[in-house]
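Enquirer: After the structure tokens below, expect a handful of questions from me.
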Amino acid sequence: MEVCYQLPVLPLDRPVPKHVLSRRGAISFSSSSSLFGAPDPRQLSQRRGAISYDSSDQTALYIRMLVYKLTSCHLSGPGPSLELVPSPLPDVRVRSQVGFEPERRSSHPYLCIDFRTLHTRLGCGFSSASSEPERRIQRLLSFQRYLHSSRLLRGIPQQIPLHILDEDYTGQARCMLEKVGHWNFDIFLFDKFTNGNSLINLTFHLLNQYGMVELFQLDMVKLWRFLVMVQEDYHSDNPYHNAVHAADVTQAMYCYMQEPMLAKSLTSFDILLGLLAAATHDLDHPGVNQPFLIKTDHYLATLYRNTSVLENHHWKSAVGLLRETGLFSHWPAEDSLNMERELGSLILATDISRQNDYLSRFRQHLDQESLCLSNGSHRHFILQMALKCADICNPCRPWELSKQWSEKVTEEFFQQGDVEKKHKLEVSPLCDREINSVGNIQIGFMTYVAEPLFAEWARFSDTRLSQTMLGHMRLNKASWGSLQQEQTLTSEEAETSNASTSREGAAAAPRGTSSKEIPQGSRES
């Protein structure tokens, strides 16, 4: 039996508004209407399942999906059972007996069904005793990954849906992907069009575009599962270090790999490595920096001996997902281990505390003209530099995008500072919202970190893209400077106004007092 269901935002007993049914949205549904029992096939084929991202009409989020063929209507085990619910519409809806569970991204709250749970339970079931290889893999999992795994074992639905839709479900997103190589690519808009799944869709598209799936004989199901798990392990409540940031870095990495110097030199293995490293470079980021983990005696700081703590954790978390999904299990063991090592080398290069080491080495290569991209180690070094540039490329984006990223990363700094104040710890630099501002932090970052790096990158790859990035950074720096001046003038005017008001009050008080004291003095005389 094939079951089609609708994931509504509105209550199940409320009819769908006509303006929603007639809207042409991101989902174009044209499958056989016989699955729905519709009396008139033409009526269904003309209807459009719409994803509306209008802020004024959030209730127009309707998704029609085709569920895996179920052998029974009820699932065994402790998980929530599903039952068919009659509907006045020609759609068959599925309702959970335990009610709606909030989705991770609060902007699109709808019921989510974990298809991995369904497929697993339809199989042979879970084994009570895990094998030794499984236990070894579990040790590599991050705490959040382990939490998701335990939720899956208990039959609790995951909080990120896996989309099983017809080919046109990414209408507007697919149009944006045609321009994924443009530097002004709006990742925030793309994330809305993909319903918060920008990292999955973008990475999957790029791997397909390069032909990586066929070339390396990647299993499509394993690849999709890997990307879903990667996106899950990014903390959506982080203002900056979340899956959208990872998608933005992946898109920037693609732009750099398209540059002539790299496009004619990189091997297929380099391309696969670069895309995977960009997608996983901040995996399971806790939203605080390394000094915070060290001074709070966090177990990760102890585990990695206070050296590249976060980057080591990102790398090992990515390796855990690769092994859990078995994405490269069909490769020879040596090739798979080499991929894991190379992946770690790229991710560890994003440690900002080692910025000067990499920059000095890059500058030395350029001064001596010693880079030879036919050399595998030199290509790998350029991939490291490309990933470093992609990781901090926000100041080089157009102002509308750069400003959003600047506000997000500063807010994450300030949230860490708030936690430090709450627990009476020394507030980390740039994390005190009372003495720092977005403009000051960004101007300093551009001056001492971004500009030196991108100036050397422009020496290596003197292209239109490099000049565009430098131009955007100059304009953005000037814009933050102007905003700082305006804020300074406003604060000075406010202080001047307050000071003049205080002086007038102080001057009025003595006059009133003297007029009362004169008679007293005359009486004393």
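Cβ atoms are placed via backbone N, Cα and C, with glycine included.
As annotated in TrEMBL:
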- H241: active site, proton donor (ACT_SITE)
- H241, N242, A243, V244, H245, D282, D391, Q442: AMP binding site (BINDING)
- H245, H281, D282, D391: Zn(2+) 1 binding site (BINDING)
- D282: Zn(2+) 2 binding site (BINDING)
- 488-504: compositional bias 'Low complexity' (COMPBIAS)
- 165-487: domain 'PDEase' (DOMAIN)
- 484-525: region 'Disordered' (REGION)
Enquirer: Based on Cβ atoms within 10 Å, give me the single least packed residue among the binding-site residues N242, Q442.
Expert: N242
Enquirer: Same chain, not part of H245, H281, D282, D391: whose C-beta falls within 8 angstroms of the C-beta centre of the Zn(2+) 1 site? Give them in sequence order.
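Expert: Apart from H245, H281, D282, D391, the close residues are H241, A246, V249, A278, H285, T350.
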Enquirer: Would you mind reading off the Cα separation of the residue listed as 'active site, proton donor' from D391 (AMP binding site), to the nearest angstrom?
Expert: 11
Enquirer: Near H281 (Zn(2+) 1 binding site), which residues of its own chain have a C-beta under 8 A away, given they sit six or more steps off in sequence?
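Expert: Sequence-distant Cβ neighbours: A246, V249, H314, L346, I347, T350, L387, D391.
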Enquirer: Taking the Cβ of D282 (AMP binding site) as the centre, how many other Cβ atoms fall within a 10 Å radius?
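Expert: For D282 (AMP binding site), the count of other Cβ atoms within 10 Å is 26.
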Enquirer: What is the Cβ neighbour count of A243 (AMP binding site) at a 10 Å cut-off, with all protein chains included?
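Expert: I count 27 other Cβ atoms within 10 Å of it.
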Enquirer: As a test of the contact definition, list every same-chain residue at least 6 positions from V244 (AMP binding site) whose Cβ is closer than 8 Å to its Cβ.
Expert: I187, F188, D191, S198, L199
Enquirer: With every protein chain in view, how many other Cβ atoms are within 10 Å of the Cβ of D391 (AMP binding site)?
Expert: 21
